[in-house]
Amino acid sequence: MAIERYIGIMSGTSMDGVDTVLVEIEENSIRLMGENSFPMGEDLKQALLDICLGQSTNLQAVGELDHRLGHLFADAVIALLENTGISPDSITAIGSHGQTVFHSPETQYAFTMQLGDANIIAAKTHITTIADFRRKDMALGGQGAPLVPAFHQQLFSSLDTTRVILNIGGIANITVLTPNQPVTGYDTGPGNMLMDAWIHQHNGSQYDVNAKWAKTGTVNEILLERLLDEPYFKQPAPKSTGRELFNLPWLKQKLSGLDIPAEDVQATLAEFTAVTITNDVITYQHNERSELSTKQELLVCGGGAHNPLLMARLAAQLPKWQVMTTTERGVDSDNMEAMAFAWLAYRTHHNMPGNLPEVTGASGLTSLGAIYPAS
(Lines of atoms letter the chains of each structure in order from A and count residues from 1; the text may use other names and numbers.)
(Lines give C-alpha, C1' and ligand atoms only; values in the text may rest on other atoms or scores of the structure.)
Protein backbone atom coordinates (compact mmCIF):
# COMPACT_ATOMS: atom_id res chain seq x y z
CA MET A 1 0.00 0.00 0.00
CA ALA A 2 1.31 3.45 -0.95
CA ILE A 3 2.19 6.06 1.65
CA GLU A 4 -0.71 8.43 2.31
CA ARG A 5 -0.85 11.71 4.20
CA TYR A 6 -3.60 12.53 6.69
CA ILE A 7 -4.35 15.41 9.03
CA GLY A 8 -5.85 14.90 12.48
CA ILE A 9 -7.78 17.59 14.37
CA MET A 10 -8.46 17.32 18.09
CA SER A 11 -10.18 19.73 20.46
CA GLY A 12 -10.58 17.96 23.77
CA THR A 13 -12.65 18.44 26.89
CA SER A 14 -10.07 20.88 28.27
CA MET A 15 -10.88 23.27 25.39
CA ASP A 16 -7.36 24.68 25.61
CA GLY A 17 -6.93 25.01 21.84
CA VAL A 18 -7.05 22.98 18.65
CA ASP A 19 -4.32 20.41 18.06
CA THR A 20 -3.53 19.49 14.46
CA VAL A 21 -1.05 16.95 13.14
CA LEU A 22 0.17 15.89 9.72
CA VAL A 23 1.09 12.21 9.47
CA GLU A 24 2.23 9.75 6.85
CA ILE A 25 0.65 6.30 7.05
CA GLU A 26 1.78 3.13 5.32
CA GLU A 27 -0.08 0.00 6.43
CA ASN A 28 1.22 -0.65 9.95
CA SER A 29 3.42 2.44 10.33
CA ILE A 30 2.60 6.05 11.11
CA ARG A 31 5.04 8.95 11.09
CA LEU A 32 4.49 12.44 12.47
CA MET A 33 5.43 15.03 9.83
CA GLY A 34 4.21 18.21 11.48
CA GLU A 35 2.08 19.55 14.30
CA ASN A 36 0.54 22.81 15.41
CA SER A 37 -1.54 24.16 18.27
CA PHE A 38 -4.13 26.73 17.23
CA PRO A 39 -5.77 29.03 19.80
CA MET A 40 -9.47 29.05 20.62
CA GLY A 41 -10.90 32.46 21.45
CA GLU A 42 -12.02 32.95 25.03
CA ASP A 43 -15.52 33.98 23.94
CA LEU A 44 -15.97 30.79 21.93
CA LYS A 45 -14.60 28.67 24.75
CA GLN A 46 -16.98 30.27 27.24
CA ALA A 47 -19.96 29.75 24.94
CA LEU A 48 -19.05 26.07 24.65
CA LEU A 49 -18.58 25.72 28.41
CA ASP A 50 -21.99 27.28 28.99
CA ILE A 51 -23.62 24.57 26.86
CA CYS A 52 -21.58 21.78 28.43
CA LEU A 53 -22.55 22.90 31.92
CA GLY A 54 -26.24 22.78 31.13
CA GLN A 55 -27.08 26.44 30.72
CA SER A 56 -30.20 27.00 28.65
CA THR A 57 -29.58 27.31 24.93
CA ASN A 58 -31.46 27.08 21.65
CA LEU A 59 -30.99 25.53 18.25
CA GLN A 60 -29.76 28.78 16.74
CA ALA A 61 -26.97 29.07 19.33
CA VAL A 62 -25.92 25.44 18.80
CA GLY A 63 -25.99 25.84 15.02
CA GLU A 64 -23.89 28.99 15.18
CA LEU A 65 -21.31 27.28 17.39
CA ASP A 66 -21.18 24.38 14.92
CA HIS A 67 -20.50 26.89 12.15
CA ARG A 68 -17.86 28.85 14.10
CA LEU A 69 -16.02 25.69 15.07
CA GLY A 70 -16.04 24.49 11.46
CA HIS A 71 -14.19 27.65 10.47
CA LEU A 72 -11.85 27.40 13.47
CA PHE A 73 -10.89 23.83 12.62
CA ALA A 74 -10.41 24.72 8.94
CA ASP A 75 -8.19 27.67 9.88
CA ALA A 76 -6.16 25.38 12.14
CA VAL A 77 -5.58 23.01 9.20
CA ILE A 78 -4.61 25.87 6.90
CA ALA A 79 -2.10 27.12 9.49
CA LEU A 80 -0.61 23.62 9.76
CA LEU A 81 -0.23 23.37 5.98
CA GLU A 82 1.41 26.80 5.83
CA ASN A 83 3.83 25.84 8.61
CA THR A 84 4.82 22.59 6.91
CA GLY A 85 4.79 23.86 3.32
CA ILE A 86 2.57 20.96 2.27
CA SER A 87 -0.03 21.32 -0.49
CA PRO A 88 -3.66 20.39 0.27
CA ASP A 89 -3.59 18.27 -2.90
CA SER A 90 -1.16 15.86 -1.22
CA ILE A 91 -3.49 15.14 1.73
CA THR A 92 -5.76 12.11 1.42
CA ALA A 93 -8.17 13.19 4.14
CA ILE A 94 -8.67 15.08 7.38
CA GLY A 95 -9.91 13.30 10.49
CA SER A 96 -11.83 15.76 12.68
CA HIS A 97 -13.01 14.68 16.12
CA GLY A 98 -15.07 17.82 16.69
CA GLN A 99 -15.79 19.52 20.00
CA THR A 100 -17.81 17.37 22.37
CA VAL A 101 -20.58 19.37 24.02
CA PHE A 102 -22.61 16.44 25.35
CA HIS A 103 -22.00 12.73 25.78
CA SER A 104 -24.83 10.57 27.13
CA PRO A 105 -24.29 6.87 26.37
CA GLU A 106 -26.33 5.38 29.22
CA THR A 107 -29.75 6.99 28.72
CA GLN A 108 -32.72 5.45 26.91
CA TYR A 109 -32.02 7.61 23.88
CA ALA A 110 -28.24 7.45 23.97
CA PHE A 111 -26.42 10.11 22.01
CA THR A 112 -23.22 12.07 21.72
CA MET A 113 -22.79 15.50 20.16
CA GLN A 114 -19.62 16.90 18.63
CA LEU A 115 -19.72 20.32 16.97
CA GLY A 116 -17.54 21.61 14.12
CA ASP A 117 -19.22 21.50 10.70
CA ALA A 118 -17.16 19.14 8.54
CA ASN A 119 -18.77 20.59 5.40
CA ILE A 120 -17.06 23.89 6.17
CA ILE A 121 -13.73 22.16 6.87
CA ALA A 122 -13.85 20.30 3.54
CA ALA A 123 -14.96 23.37 1.57
CA LYS A 124 -12.46 25.78 3.11
CA THR A 125 -9.41 23.48 3.03
CA HIS A 126 -10.29 21.68 -0.24
CA ILE A 127 -9.51 18.39 1.53
CA THR A 128 -11.90 15.47 2.03
CA THR A 129 -12.90 15.46 5.68
CA ILE A 130 -14.02 12.54 7.84
CA ALA A 131 -15.92 13.34 11.04
CA ASP A 132 -18.66 12.13 13.39
CA PHE A 133 -16.60 9.14 14.51
CA ARG A 134 -18.51 8.18 17.65
CA ARG A 135 -22.14 7.71 16.67
CA LYS A 136 -21.73 4.55 14.55
CA ASP A 137 -20.29 2.74 17.55
CA MET A 138 -23.21 3.99 19.65
CA ALA A 139 -25.66 2.83 16.98
CA LEU A 140 -24.27 -0.65 17.62
CA GLY A 141 -24.91 -0.35 21.34
CA GLY A 142 -21.47 0.93 22.30
CA GLN A 143 -20.37 3.86 24.42
CA GLY A 144 -18.88 5.65 21.42
CA ALA A 145 -15.80 5.99 23.61
CA PRO A 146 -12.99 5.60 24.10
CA LEU A 147 -11.92 5.24 20.46
CA VAL A 148 -8.18 5.81 20.85
CA PRO A 149 -7.41 2.33 22.33
CA ALA A 150 -7.38 0.80 18.84
CA PHE A 151 -4.61 3.25 17.93
CA HIS A 152 -2.78 2.51 21.17
CA GLN A 153 -2.93 -1.19 20.34
CA GLN A 154 -1.39 -0.49 16.94
CA LEU A 155 1.47 1.50 18.48
CA PHE A 156 2.28 -0.13 21.79
CA SER A 157 1.32 -3.82 21.85
CA SER A 158 4.14 -5.96 23.18
CA LEU A 159 4.73 -9.66 23.71
CA ASP A 160 6.74 -9.17 26.89
CA THR A 161 5.36 -6.01 28.52
CA THR A 162 2.00 -5.11 30.02
CA ARG A 163 1.36 -1.52 29.07
CA VAL A 164 -1.33 0.82 30.30
CA ILE A 165 -1.62 3.91 28.12
CA LEU A 166 -2.97 6.77 30.21
CA ASN A 167 -4.30 9.87 28.52
CA ILE A 168 -4.81 12.74 30.94
CA GLY A 169 -6.84 15.36 29.15
CA GLY A 170 -9.91 16.98 30.63
CA ILE A 171 -11.03 13.43 31.33
CA ALA A 172 -8.52 10.65 32.04
CA ASN A 173 -8.77 7.35 30.20
CA ILE A 174 -6.73 4.18 30.03
CA THR A 175 -5.96 1.51 27.48
CA VAL A 176 -4.75 -1.78 28.94
CA LEU A 177 -2.50 -3.86 26.69
CA THR A 178 -1.70 -7.19 28.32
CA PRO A 179 0.18 -9.75 26.18
CA ASN A 180 -2.20 -12.30 24.63
CA GLN A 181 -5.26 -10.71 26.26
CA PRO A 182 -8.14 -8.64 24.82
CA VAL A 183 -7.68 -4.88 24.95
CA THR A 184 -9.45 -3.03 27.76
CA GLY A 185 -10.09 0.70 27.83
CA TYR A 186 -12.37 3.24 29.51
CA ASP A 187 -12.57 6.63 31.20
CA THR A 188 -11.25 6.54 34.76
CA GLY A 189 -12.76 9.91 35.68
CA PRO A 190 -11.57 13.52 35.77
CA GLY A 191 -8.14 14.34 34.43
CA ASN A 192 -7.31 18.04 34.31
CA MET A 193 -10.90 19.24 34.02
CA LEU A 194 -11.68 20.06 37.65
CA MET A 195 -8.21 21.41 38.40
CA ASP A 196 -8.41 23.73 35.38
CA ALA A 197 -11.91 24.92 36.27
CA TRP A 198 -11.00 25.58 39.91
CA ILE A 199 -7.89 27.65 39.20
CA HIS A 200 -9.66 29.55 36.43
CA GLN A 201 -12.44 30.48 38.82
CA HIS A 202 -9.99 31.73 41.44
CA ASN A 203 -7.33 33.60 39.48
CA GLY A 204 -8.28 33.42 35.81
CA SER A 205 -5.47 31.06 34.79
CA GLN A 206 -6.24 28.48 32.13
CA TYR A 207 -4.42 25.78 34.10
CA ASP A 208 -2.08 25.28 37.06
CA VAL A 209 1.35 25.60 35.44
CA ASN A 210 3.67 22.88 36.80
CA ALA A 211 1.13 22.38 39.62
CA LYS A 212 2.65 25.38 41.41
CA TRP A 213 -0.61 26.30 43.12
CA ALA A 214 -1.52 22.74 44.06
CA LYS A 215 1.91 22.30 45.62
CA THR A 216 1.17 25.13 48.07
CA GLY A 217 -1.87 23.30 49.40
CA THR A 218 -2.52 20.24 51.53
CA VAL A 219 -4.79 17.35 50.61
CA ASN A 220 -8.04 17.46 52.57
CA GLU A 221 -8.99 13.88 53.36
CA ILE A 222 -12.66 14.64 54.04
CA LEU A 223 -13.09 16.29 50.65
CA LEU A 224 -11.11 13.53 48.95
CA GLU A 225 -13.39 10.90 50.48
CA ARG A 226 -16.45 12.78 49.27
CA LEU A 227 -15.05 13.06 45.75
CA LEU A 228 -14.24 9.36 45.63
CA ASP A 229 -17.77 8.49 46.77
CA GLU A 230 -19.12 9.02 43.26
CA PRO A 231 -21.09 6.05 41.85
CA TYR A 232 -19.27 6.32 38.51
CA PHE A 233 -16.12 4.85 40.04
CA LYS A 234 -17.96 1.67 41.02
CA GLN A 235 -19.43 1.11 37.56
CA PRO A 236 -17.89 -1.72 35.53
CA ALA A 237 -16.38 -1.10 32.12
CA PRO A 238 -17.24 -0.32 29.39
CA LYS A 239 -17.95 3.18 30.61
CA SER A 240 -17.27 6.77 29.62
CA THR A 241 -17.92 10.15 31.19
CA GLY A 242 -17.39 13.86 30.70
CA ARG A 243 -18.17 17.39 31.73
CA GLU A 244 -21.86 16.47 32.06
CA LEU A 245 -20.98 14.84 35.39
CA PHE A 246 -17.65 16.22 36.56
CA ASN A 247 -17.98 20.00 36.65
CA LEU A 248 -17.82 22.95 39.05
CA PRO A 249 -21.42 22.57 40.30
CA TRP A 250 -20.61 18.93 41.14
CA LEU A 251 -17.48 20.03 42.99
CA LYS A 252 -19.29 22.76 44.89
CA GLN A 253 -21.84 20.21 46.05
CA LYS A 254 -19.00 18.09 47.43
CA LEU A 255 -17.59 21.18 49.18
CA SER A 256 -20.88 21.87 50.96
CA GLY A 257 -20.32 22.56 54.66
CA LEU A 258 -16.53 22.49 54.35
CA ASP A 259 -14.35 25.55 54.91
CA ILE A 260 -11.22 24.70 52.95
CA PRO A 261 -8.57 27.08 51.57
CA ALA A 262 -8.68 27.26 47.78
CA GLU A 263 -5.14 25.93 47.40
CA ASP A 264 -6.05 22.89 49.53
CA VAL A 265 -8.95 22.19 47.19
CA GLN A 266 -6.53 22.34 44.25
CA ALA A 267 -4.13 19.94 45.98
CA THR A 268 -7.03 17.60 46.75
CA LEU A 269 -8.23 17.67 43.13
CA ALA A 270 -4.76 16.67 41.95
CA GLU A 271 -4.72 13.79 44.42
CA PHE A 272 -8.26 12.85 43.38
CA THR A 273 -7.17 12.49 39.76
CA ALA A 274 -4.10 10.45 40.76
CA VAL A 275 -6.04 8.14 43.10
CA THR A 276 -8.87 7.41 40.65
CA ILE A 277 -6.32 6.52 37.99
CA THR A 278 -4.27 4.40 40.38
CA ASN A 279 -7.31 2.52 41.66
CA ASP A 280 -7.99 1.31 38.13
CA VAL A 281 -4.43 0.70 36.97
CA ILE A 282 -3.60 -1.39 40.02
CA THR A 283 -6.36 -3.87 39.14
CA TYR A 284 -4.24 -4.89 36.13
CA GLN A 285 -1.09 -5.34 38.20
CA HIS A 286 0.41 -8.82 38.25
CA ASN A 287 0.32 -10.42 41.65
CA GLU A 288 3.14 -12.65 42.83
CA ARG A 289 1.21 -15.79 41.90
CA SER A 290 0.44 -14.57 38.40
CA GLU A 291 1.67 -16.64 35.49
CA LEU A 292 2.51 -13.37 33.74
CA SER A 293 6.14 -12.44 34.20
CA THR A 294 6.05 -9.42 31.92
CA LYS A 295 7.24 -5.94 32.74
CA GLN A 296 4.64 -3.31 33.63
CA GLU A 297 4.67 0.17 32.12
CA LEU A 298 2.34 3.13 32.57
CA LEU A 299 2.76 5.39 29.54
CA VAL A 300 1.25 8.84 30.03
CA CYS A 301 0.12 11.27 27.34
CA GLY A 302 -2.04 14.40 27.18
CA GLY A 303 -1.68 17.64 29.09
CA GLY A 304 -1.42 15.84 32.42
CA ALA A 305 1.91 14.38 31.34
CA HIS A 306 3.33 17.88 31.99
CA ASN A 307 1.99 18.04 35.54
CA PRO A 308 4.95 17.09 37.78
CA LEU A 309 2.75 16.61 40.85
CA LEU A 310 0.45 14.17 39.05
CA MET A 311 3.36 12.25 37.59
CA ALA A 312 5.07 12.04 40.98
CA ARG A 313 1.91 10.85 42.72
CA LEU A 314 1.29 8.18 40.08
CA ALA A 315 4.86 6.91 40.44
CA ALA A 316 4.55 6.87 44.25
CA GLN A 317 1.22 5.03 44.20
CA LEU A 318 2.33 2.50 41.57
CA PRO A 319 5.80 1.39 42.70
CA LYS A 320 5.66 -1.83 40.66
CA TRP A 321 5.10 0.08 37.43
CA GLN A 322 7.58 2.00 35.32
CA VAL A 323 5.87 5.38 34.89
CA MET A 324 6.93 7.48 31.90
CA THR A 325 5.48 9.55 29.07
CA THR A 326 4.67 8.10 25.65
CA THR A 327 7.33 10.46 24.29
CA GLU A 328 9.88 8.20 25.97
CA ARG A 329 8.44 5.35 23.89
CA GLY A 330 8.70 7.32 20.66
CA VAL A 331 5.23 8.91 20.34
CA ASP A 332 4.80 12.59 21.23
CA SER A 333 2.62 12.77 24.33
CA ASP A 334 1.02 16.05 23.22
CA ASN A 335 -0.15 14.78 19.83
CA MET A 336 -1.46 11.31 20.62
CA GLU A 337 -5.18 12.02 20.21
CA ALA A 338 -4.85 14.13 17.07
CA MET A 339 -2.69 11.38 15.56
CA ALA A 340 -5.33 8.84 16.54
CA PHE A 341 -8.05 10.63 14.59
CA ALA A 342 -5.79 10.96 11.57
CA TRP A 343 -5.32 7.19 11.82
CA LEU A 344 -9.06 6.61 12.25
CA ALA A 345 -9.64 8.69 9.10
CA TYR A 346 -7.20 6.40 7.29
CA ARG A 347 -9.14 3.36 8.54
CA THR A 348 -12.44 4.84 7.38
CA HIS A 349 -11.02 5.86 4.00
CA HIS A 350 -10.05 2.23 3.44
CA ASN A 351 -13.32 0.88 4.89
CA MET A 352 -11.56 -0.77 7.83
CA PRO A 353 -13.01 -0.97 11.35
CA GLY A 354 -11.91 1.66 13.84
CA ASN A 355 -13.61 0.59 17.05
CA LEU A 356 -12.83 -2.17 19.53
CA PRO A 357 -16.11 -3.76 20.71
CA GLU A 358 -14.40 -5.20 23.79
CA VAL A 359 -13.60 -1.61 24.79
CA THR A 360 -16.74 0.30 23.80
CA GLY A 361 -19.35 -2.43 24.28
CA ALA A 362 -20.55 -2.25 20.67
CA SER A 363 -22.06 -5.39 19.15
CA GLY A 364 -19.41 -5.58 16.46
CA LEU A 365 -16.54 -4.05 14.55
CA THR A 366 -17.38 -1.16 12.26
CA SER A 367 -15.88 1.57 10.15
CA LEU A 368 -16.40 4.91 11.87
CA GLY A 369 -17.41 8.36 10.73
CA ALA A 370 -18.97 10.12 7.78
CA ILE A 371 -17.07 11.29 4.70
CA TYR A 372 -17.41 14.86 3.43
CA PRO A 373 -15.76 15.11 -0.02
CA ALA A 374 -13.56 18.07 -0.88
CA SER A 375 -15.63 18.72 -3.99
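The backbone N, Cα and C atoms fix where each Cβ goes, glycine too.
Copied over from Swiss-Prot:
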type    : residues                               : note
BINDING : G12, T13, S14, M15, D16, G17, V18, D19 : ATP binding site
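Mapped onto this structure are the features recorded in Swiss-Prot.
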residue : record           : contacts (Cβ under 8 Å, 6+ apart)
G12     : ATP binding site : D19, G169, G170, G302, E337
T13     : ATP binding site : T100, G169, G170, I171, M193, G242, R243
S14     : ATP binding site : G169, G170, G191, N192, M193, D196, Y207, G303
M15     : ATP binding site : M40, K45, L48, L49, Q99, G170
D16     : ATP binding site : M40, D196, Q206, Y207, G303
G17     : ATP binding site : S11, S37, F38, P39, M40
V18     : ATP binding site : I9, M10, S11, S37, F38, P39, M40, L72, F73, A76
Number of other Cβ atoms within 10 Å of the Cβ of D19 (ATP binding site) across all protein chains: 24
Helix, strand or coil at G17 (ATP binding site) [DSSP, three-state]: coil
Other same-chain residues whose Cβ falls within 8 Å of the Cβ centroid of G12, T13, S14, M15, D16, G17, V18, D19, the recorded ATP site, in sequence order: M10, S11, M40, G169, G170
Where G12 (ATP binding site) falls in three-state DSSP terms: coil
